[in-house]
Amino acid sequence: MGIGSKILENNIQKSISLGFYHSHSELRKSFYEFFKSKNHEILRSSSVIPDENDGTLLFTNAGMNQFKPLILSSTESRRVANIQKCIRAGGKHNDLDDVGKDLHHQTFFEMMGNWSFNDAFSKEEACRYAWEYLVEILGINADRLYVSYFGGIEKLGLPEDRECREIWKRIGVSSNRILPFVAENFWEMGAAGPCGPCTEIHYDRIGGRDASRLVNIDDSVVEIWNIVFMSSVRDSCGQIRHLGKNHIDTGMGFERLLSVVQNKTSNFDTDVFTPILEKTSELAKKQYTGSLDSRQDATFRLVADHIRAATVAISDGAVPDGTGCGFIVRKMMRRAFLQGISKLGIERYAMSELVPVVASTMKEVYPEIHDTSTHIRKIFNDEEAQFWKTVDKAKKMFDSVAAESKSPIISGRKAFNLFETHGLPLAVTVELARNIGREVDETEFERCRLEAQKVSQKASQFKLPISADDFPSHSDKEKYSYVFRNGKYEFPQVKTRILQVYKDQQKAESLEANDRGFLVLEECQFYGEQGGQTSDTGHLLIDGREVFEVENAKKIAGGAVTVLFGRALLPIRRDLRVEQKLDETRREGVMRAHSATHLLNWALQKLGVGSGQKGSSVDCDRFRFDYSTGDEDLSKEQRTELLIKCEMKMREFIQNGGFTEIIETSLEEAKKIENLQSDVKEDRIGGASVRVVALGSGADVPVECCSGTHIHDVRVIDDVAIMSDKSMGQRLRRIIVLTGKEAAACRNYTKSIYEDLRSTDPKERSKTGKNIDWKRVPIADQARISILLKQKK
């Protein structure tokens, strides 16, 4: 332990007033029991992997994430408390690069919190609950506590929160401990969205002094409880107005509070970390001392944190791979592997021994981690084997690059070439450079990456200053307005009003002919890209004339607003009434493919293939389906045979027919459906309805929660053809499937190959392995055709 830390620890031991010790299990229990006594509903933590429809988050990073629907739309009054698993390792809240350097930053942490939705309890009750729990239940000395409140921002018309100040006085906090702050005590969800003043409780780790001047300045005085009064909303123009309802959102970092009640200056000295650090010390044959001045101790903290975070993420379904949250999990694992071996001397393939320790530490509160620890450990070993294979091969190339120049800076372009050509991740290159006293030009690396990356135009088009509250009359329910009559679909041409026009990413009054821009309609019939389903396309009409070509549509502002992108064919302006005309052929093809996606998921589960869907992308009469293979160890032949059976099962289901049933119900009712394929996400709690889609009739049919558009009769899918199944990395595979007209086209092509190969007239036989387009041949026919080709020879 460093000199500064020793002094702080000694002072704490001299002046600490806590009368008893709390293990992490005891602290959790006391929190739940206290808020249960205050008539709160106790909820389990939701997954650290957010709902797939929430494209704004890589991981659940705050206790309030799961309550977004309740905050934005529900009128239900509720008192709720929980301890939420969180990971901050990407995006706005990113602690990844700070871990190890101090005694408190973590990527995985738990957030204690209680909430009042729609005035379930008052501002004063929230403050009293917090004070009572800290002082009377945990026994924290009130003389160590300071409170801060919002001091007001005059130019924004936000007054000082004097009500809050008076509440703390009534509770018994002396005036010199009630401190006004501005930015520190105004909470915002983002640039636009819910916001409001907050009050915070701060704890002086040393005590026996006036530490009021150190609040929000010195690390010896730490914030332990934040109470947010969510009463306002900031629109896309920066204007703040009343939300129309009052919510209270409170949060306490679990590990930080644990360090307080266990008399520790460091989160890493609490009993959620000490077993992991002790095992790491055993593997490294080195002692962890808790010093801030030791690079070795910083590595201990990094390894303990990253292994813990990756273990939790994998237990919740994350798969280390090259995209999204899987990329961050892989990055954490590989950083722990590299630093654990290179700096602590841990042997290769020993890091997975930390997984059972993490699982055992958290067994009581998160049994799912313990139950899947064997599977998690296998993933660790597989990932480490793949990592060292890459590093050993690419390290020689790095050594060559490093030897080319004596400069202390390694070119970012050369680092990018190592990544692009040899698969050496930037993080590994940076660590290798540090080991020889060099740095990598990461700015140049990023520039090279952006140059090489073909950024999808669609992905970047929809960055508009739009908030969910900007268009209260907007709705996209008309996307479900279609009927199946006399063997075909009918889509009404819905008339509506243009609410807003955007040009060059900014609000505009109008678009001239040939201008490209964005539109928000009042009652939008176009399906906005969401949940893997591609968007509708089509036209807007006035008096029968096409005035705007819709090229794309996407849901933004947290999925609350559907925005159309396209080209004006004639001048149009805001407030015009227009008629919507979908590309019906495209919509029908997408509906067939989306329903077939559910059918494939069902068939795979029935045959025991894989361990669950990881993602999908649905287009017109074709889709891709990503699934986890879990611990499967199948040969190519075995997997192909299973997929052939899967296709047969799907085709049989389609031939038998049956109508689609779609209902909207509450979360609680949806969770009671026994054969529901998709998990009902805990972050969509009661108050928000879910849409349940059942294909066909009977007990054994595909049933999923889904917001997509679907066919009304299973027979309309016509046919399905599984075209390919390939590996996308460790334990992840991708299936490509065609439906409807696309499936029929590949069947006709395959039929022509069979006719050619079976012809008795040599002049009519023209097919060889080289001139067959195998991408147009279903997987079920590829092996048979290969046999016929061999017989032909």
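Keep in mind that glycine also has a Cβ here, set from the backbone N, Cα and C atoms.
For the ATP site, Swiss-Prot gives ARG88, ILE224, TRP225, ASN226, GLY253; the one candidate out of TRP168, TRP187 that the record lists there too is TRP187.
The residues near the Zn(2+) site, meaning same-chain residues not in HIS594, HIS598, CYS706, HIS710 whose C-beta sits within 8 angstroms of the mean position of the site's C-beta atoms, are MET591, SER595, THR597, VAL693, LEU695, GLU704, GLY708, THR709, in sequence order.
Here the candidates are the binding-site residues ARG88, TRP225, ASN226, ASP249, GLY253. The one whose C-alpha lies nearest to that of HIS598 (Zn(2+) binding site) is ARG88. Of the recorded residues, HIS710 (Zn(2+) binding site) and ASN226 (ATP binding site) place their C-alpha atoms 45 Å from one another. DSSP classifies HIS710 (Zn(2+) binding site) as coil under the three-state reduction. Comparing Cα positions, TRP225 (ATP binding site) lies closest to ASP249 out of the binding-site residues ASP249, HIS594, CYS706. In terms of local Cβ density within 10 Å, HIS594 ranks first among the binding-site residues ARG88, HIS594, HIS598, HIS710.
Comparing C-alpha positions, ILE224 (ATP binding site) sits nearest to ASP249 among the binding-site residues ASP249, HIS594, CYS706.
Here the CA atom of CYS706 (Zn(2+) binding site) lies 28 Å from the CA atom of ARG88 (ATP binding site). Residues ARG88, TRP187, ILE224, TRP225, ASN226, GLY253 are recorded as binding ATP; their most distant pair of Cα atoms lies 18 Å apart. Summarising the environment of TRP225 (ATP binding site), the number of other Cβ atoms within 10 Å of its Cβ, over all protein chains shown, is 25.
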